[in-house]
């Protein structure tokens with residue numbers, strides 16, 4: 001029993017990543033916290049709901065690039081709280097993106 005506990009502790013210590021895990025969102029595009037999900041949406045309903053929201057086809061370098069990626073497919077660049085089933089709850093325009 002003691003051997004198992006010590007072996008599990010040792011295995012857990014070995015399994016910890018040695019380098020920092022990179023964030024999937026660019027902090028320059030969307031703020032960290034609630035509005036951290038990047039989506040391209042057809043319609044933004046008063047910032048409460050974004051319709052037909054999909055993830056961008058590529059990782060944006062900055063806010064302008066994010067806007068260009070979404071514009072290619074005829075959508076608007078938005079930062080959302082909860083994207084579910086092509087709908088995103090609570091959306092806002094990223095800083096540096098024009099309407």
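Cβ atoms here come from the backbone N, Cα and C positions, even for glycine.
Note that the structure is a prediction, hence the values are computed from the model and not measured.
If you look up Swiss-Prot, you'll see 1-15 marked as signal peptide.
In this structure, residue 79 (disulfide bond) is part of a beta strand by DSSP. Around the Cβ of residue 79 (disulfide bond), the same chain contributes 29, 30, 31, 35, 36, 37, 38, 39, 91, 92, 93, 94, each under 8 angstroms and 6 or more positions distant in sequence. Per Swiss-Prot, the feature disulfide bond maps to 30-79 (among others).
As annotated by Swiss-Prot, disulfide bond applies to 40-70 (among others). Taking the Cβ of residue 40 (disulfide bond) as centre and 10 Å as the limit, one finds 24 other Cβ atoms among all the protein chains shown. DSSP assigns residue 40 (disulfide bond) to a strand.
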Set of same-chain residues at least 6 away whose C-beta sits under 8 angstroms from residue 70 (disulfide bond): 40, 41, 56, 76, 77
